[in-house]
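Input: a single structure, listed below in structure tokens.
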Amino acid sequence: GTGADNDLYINQAVVFIEDAIQYRSINHRVDSRSLWLYRWYYSRTCQWILSLTITIILALAFIEKPSSLTVTSDVRYRLPAWNPPCGLTESIELLCFLVFVVDVSVKSYLIGWEEFWKNKWLMAYILTLIVSLTDWVVSLSFFCTENMRIRRILRPFFLLQNSSMMKKTLKSINSTLPEMASVVLLLAVHLSLFTMFAMLLFARTKDGQQDKEWVGYFRNLPDSLTSLLVLLTTANNPDVMIPAYSKNRAYSIFFILFTVLGNLFLMNLLTAIIYNQFRGYLLKSVQSSLFRRRLGIRAAFEVLSSLKDTPANAQQPYVSVGALLQVLQKVEMDSRCKQAILRSLKMCSCDQLSAAQFQKLFEELDKDAIKQHPPSPEYQSHFMQKMQFAFGHPYFGYLGNVVALANIVSICVVLVMDADKQPSERDDFFLGAINCFFILYYMLEMLLKILAMGLKRYLSYPSNRFDGLLTVILLLLEISTFAVYGFPHPGWRPEFMGLLSLWDMVRLVNMLIVFRFLRIIPNMKFMALVVTTLLDLVKNLRAFAGILVVVFYAFAITGIMLFKDAVVPLGNTSSIIFQGKMWFHGSLITFRLRLFTTYLLSVNLICRWAKIYFVAWWLISSVIWVNLFVALLLENFIHKWDRRCHREPVSDVEYQRTVELMFRDVLEEPTEEELMEKLHQHPHLQLCR
């Protein structure tokens, strides 16, 4: 009936607007049952359960055999780790797999079977689950004694497929690979040529005393190639050239040429190519996200214009304000945006909205409002007004920065003076006294600022919250120190009491004071720009970080399987590949460029073919991934720098673009023809016009 159809249109509009808010695709089923399932699937509860499941299945590697539940990763000192009994982690895995089966089933149903066969990610999702469940059954049949567990390597895929931004990032990386491959090939040619030159220059001679370079680095082709590859990372520089340089200074020319051509030219050329090819990644992604948002809003308009109360003779489609109000009551969106849209509707005197007006209302989604700072208190007393002016002035904040700098300098002086003293010779009186003075000043400064600005306005600034929190913690630590050890006095070296010794308490206070000095960053414009750029990368480039986690995880699991029990510790030897059993946690931490030399040169103890593993890790993590990060960092910084140069003064209410629309000024709005063409291609939505 008419009422049921209207309810369906209202629910469709609700879902389309929620898709626009989250930048989701609208190509899904739109019947009543599917819409209910769709909203349930994308509810916070379901998505939280899915995210928790992914976290749990990834974290299983820390407790599975070989377990990483030890305080230290050093095989000489750690106690035997707890290994869970067979069936415990497997039961948790099975529960996770069941959640993933439900996840892929719901996704497949919602997009429809025709779209399902076109979706490569869903096909790979199902294949991964089949392989993982098969491997799980095999593991139980062997009573958890098998050495190879394929499903552990596949676990990062569950994280990857759950993020649309990660998929876009991978697609962009894939488009950049041909250009990167050409430079990597040039790098391989450079490495090969210099390897041949090295084998000719440092060939074996009759005098064994003069063959240290040949013995240590260039005995054969694999060793020569490995030595120069490590030199390309500068990890064994200058060790690799010392024997030859000791013999003849002219040999340094060879190593200088290799380093200059490889590091200064080819590696930087690779960075330039990656940046040139990848710099449009954010812009393309944002353009696609903008189109999805506009398409979702237009789809909501089209279904609302199909309501039965719309006159059939209307020349142009429109949506009644009443219908939009019904939709807004059901839509899950930020309360600020909803209130802004409702205010705009009240200001609009018309009862009907055109497509342009409808789209204009929802442009509020493109802005993220920074909350308005509460007003300062109004004092009647003339004296209090002067106090408010003095302590609310920026110069009072500058004075606090100078005092904080003086505190840092005094701590440095004391640390330098006491660097070589034994704990029994150290007198903590001076450091304790100056800490007491500065902490009292910090407390007074905080109270005076609260007096001038009011508590609500003071807490509305993140820098004040940071400053105030550290000040309160410092005050509590100082009170605790006085309660346990008394007030500072000459020869203040009491015995250990309580949880921490006096020296530990003083060190903790000093570390917090040093950390508090970061308050100066907002007052230094260029430093603030750099810090905000880094914070934006941390907050907004989660997809990039997620793929990095995938790479780390995959290589760590592969290393566990390849090098488990490969090397046993001998005496006090600490250069052990992956610390004997290559525990998972240790393998994540010890993947560093500077350890590349140790691993690559020590891997001869196992198998020369194992070098492929470490070279692949170096290429993916250090060469490709670091350069990709540099490209994203440059693009983000340049964009912020341009905005800073053209920034206009703003009022007490500031609007900051979300990361998806950080390039809003250079984006192209989709035309009505593009939107309608895409809507008519919707596999499950039939428009009336």
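Along the chain as shown, residues are numbered 1 onward.
Using N, Cα and C of the backbone, Cβ positions are placed for all residues, glycine too.
Within the model, the domain 'Ion transport' (55-278) carries an average pLDDT of 85. Residues or ranges marked as domain 'Ion transport' in TrEMBL: 55-278 (among others).
What TrEMBL records for 396-637 (among others) is domain 'Ion transport'.
Marked as transmembrane segment by TrEMBL: 41-63 (among others).
As annotated by TrEMBL, transmembrane segment applies to 92-110 (among others). Under 8 Å from some Cβ of the transmembrane segment (92-110) lie the Cβ atoms of residues 28-29, 34, 37-38, 41, 49-50, 53, 56-57, 60, 116, 122, 125-126, 129, 132-133, 136, 151, 158, all in the same chain and six or more residues away from its ends.
The feature transmembrane segment is assigned by TrEMBL to 122-143 (among others). Sequence-distant contacts of the transmembrane segment (122-143), counting only residues of its own chain at least 6 positions beyond either end whose CB sits under 8 Å from a CB of the stretch, comprise 86-87, 90, 93-94, 97, 100-101, 104, 107-108, 111, 116, 149-151, 154-155, 157-158, 161.
Using a Cβ-Cβ cut-off under 8 Å and counting only residues 6 or more beyond its ends in the same chain, the transmembrane segment (180-202) has close neighbours at 213-214, 217-218, 221, 224-225, 227-229, 232, 244, 251, 254, 257-258, 261-262, 266-267, 269-270, 273-274, 277, 619, 623-624. Annotated transmembrane segment per TrEMBL: 180-202 (among others), in sequence order.
TrEMBL lists 253-275 (among others) with the feature transmembrane segment.
Annotated transmembrane segment per TrEMBL: 395-417 (among others), in sequence order.
The transmembrane segment annotation in TrEMBL covers 429-448 (among others).
The transmembrane segment annotation in TrEMBL covers 469-488 (among others).
Taken from TrEMBL, the feature transmembrane segment applies to 508-531 (among others).
Positions annotated as transmembrane segment by TrEMBL: 543-563 (among others).
Annotated transmembrane segment per TrEMBL: 583-601 (among others), in sequence order.
Taken from TrEMBL, the feature transmembrane segment applies to 613-634 (among others).
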